[in-house]
Amino acid sequence: MKRNSLSSFSVCLWLLFTAVMLQAVASAKGKYAHMLFNELFEDYSNALRPVEDTDKVLNVTLQITLSQIKDMDERNQILSAYLWIRQSWYDAYLKWDKDKYDGLDSIRIPSNLVWRPDIVLYNKADDDFSEPVNTNVVLRYDGKITWDAPAITKSSCVVDVSYFPFDSQQCNLTFGSWTYNGNQVDIINSLDSGDLSDFVEDVEWEIHGMPAVRNVITYGCCSEPYPDVTFTLMLKRKSSFYIFNLLLPCILISFLAPLGFYLPADSGEKVSLGVTVLLALTVFQLMVAEIMPPSENVPLIGKYYIATMTMITASTALTIIIMNLHHCGSEAKPVPQWARVVILDYMSKIFFVYDVGENCTSPKREKEEERKLEGDDGCQRRHKEVRSHLSNRNDDCDLKEKLNGNLNKSYGVHGEDVRETVNCCSCYKMLIKNIEYIANCVRDHKANRAKGIEWKKVAKVMDRFFMWIFFIMVFFMSVLIIGKAA
């Protein structure tokens with residue numbers, strides 16, 4: 001028991017001694033840091049370029065880390081991004097011997113105490129021209145300064161919406177010194193591309209790379225070269241949202257337009273269906289126009305909307321013309337011979353169009369036609385029998401008139417029987433004339449009705465023809481837009 005108590009006591013003493021020594025070392029480090037800071041910045045000025053020879057170029061290494069894409073404003077062509085900007089350079093006046101300061105190799109001080117390169121974003125599109133964030137810089141004993149500063153940048157980006165919503169964009173972020181030329185401050189990119197290891201996935205855009213290129217440009221105002229580093233952010237739009245909310249409804253509405261030709265003409269809804277579809281597409285077109293910039297490049301989905309609206313306008317106009325054909329009636333001219341041959345004989349068979357009111361799947365069609373023909377033959381036979389009977393009665397009347405005339409001549413008989421016979425014959429003649437007039441009226445009515453039925457069938461055939469034509473057009477337009485997107 002005594003040995004255990006002694007061992008635990010020795011451990012406690014060792015821990016206490018270690019803590020005291022660490023505290024002493026920390027206090028020593030803090031003392032040397034204060035001493036170093038006072039000696040370094042006693043005669044230091046952050047207004048001048050920190051080089052011993054003014055003709056010597058100061059190299060600044062630049063590295064960009066993309067953290068998040070905050071917004072992509074296509075209409076105003078502005079990209080908002082959250083960046084981490086790292087700059088490092090060597091200050092010739094901020095060096096020390098770390099052995100004199102108990103091995104102190106680095107200190108962290110406010111960035112406004114040291115000279116900083118005036119590297120800015122050239123294509124900045126923000127109204128805020130404030131100073132960079134005054135984060136601390138890391139100062140090493142060999143004079144190397146590393147400055148990490150976060151920034152929310154708004155840069156101008158030329159947006160090409162020709163293939164919206166299947167488009168890809170390339171936005172440039174160009175960094176360079178605002179006042180120093182290439183003979184004074186030279187900018188070097190530390191990596192061949194921007195750092196995307198800490199990038200937060202965006203819901204609308206995919207990042208396919210961020211290559212970096214160093215450029216040296218000579219402007220017209222000055223003869224000195226001005227270097228810059230351009231980071232090209234390659235973006236690919238995630239089109240699922242726009243497919244389900246803009247493109248797919250348009251395709252479904254487009255397939256409703258040809259069905260207006262299949263709608264019966266007597267329903268009175270053919271034109272209203274076309275106008276309703278046209279108004280629905282106009283609403284979607286306005287939604288796309290609000291998103292896109294007002295440029296000459298019409299987006300792919302906008303072209304599809306315009307083509308579909310043109311097709312629906314044409315279908316509505318054709319529907320009005322076909323409805324006029326449908327309602328021609330008996331007062332119209334007969335169907336021309338070429339239309340009867342081409343439309344009624346050939347096209348009706350190609351598009352499976354039967355007489356108005358008939359269904360191609362009805363099994364009773366042939367039986368009804370046979371009954372109709374038998375009924376017409378029976379009526380004709382009955383009409384012929386009536387006429388033959390009346391003609392026979394007429395012949396009997398003539399015979400009776402002759403016999404009565406002979407009797408009157410031979411016997412001199414005059415009486416009421418002769419008058420009744422003559423009146424009966426005249427009644428039969430009037431009845432025959434009336435029946436013939438009624439038959440002619442019925443025949444003319446059937447001919448006029450057949451003329452109207454022919455025009456209705458012509459309208460129905462043309463409806464079916466344009467329906468398939470417009471279905472094919474909508475299908476190929478949909479395939480074309482998907483092919484261009486791919």
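For all residues, glycine too, the Cβ spot is worked out from N, Cα and C.
TrEMBL labels come from automatic prediction, so no person has curated them.
For 35-238, the entry in TrEMBL reads domain 'Neurotransmitter-gated ion-channel ligand-binding'.
What TrEMBL records for 246-481 is domain 'Neurotransmitter-gated ion-channel transmembrane'.
Residues or ranges marked as signal peptide by TrEMBL: 1-27.
Among the features that TrEMBL reports, transmembrane segment is placed at 241-264 (among others).
Summarising the annotation, TrEMBL assigns transmembrane segment to 271-292 (among others). Distant neighbours of the transmembrane segment (271-292): 74-75, 161, 164, 246, 249-250, 253-254, 256-257, 259-260, 263, 299, 301-302, 305-306, 308-309, 312-313, 315-316, 319-320, 323; these residues of the same chain sit at least 6 beyond its ends, with a Cβ under 8 Å from one of its Cβ atoms.
What TrEMBL records for 304-325 (among others) is transmembrane segment. Proximity of distant same-chain residues to the transmembrane segment (304-325), defined by a Cβ-Cβ separation under 8 Å and at least 6 residues beyond the stretch ends, is recorded for 247, 250, 253-254, 257-258, 260-261, 265, 270-271, 274-275, 277-278, 281-282, 284-285, 288, 298, 455, 458-459, 462-463, 466, 470, 473-474, 477, 481.
Listed by sequence, the residues of this chain that lie at least six past the ends of the transmembrane segment (465-483) yet keep a Cβ under 8 A from its Cβ atoms are 247, 251, 254-255, 257-259, 261-262, 300-301, 303-304, 307-308, 311, 315, 318, 322, 347, 351. Annotated transmembrane segment per TrEMBL: 465-483 (among others), in sequence order.
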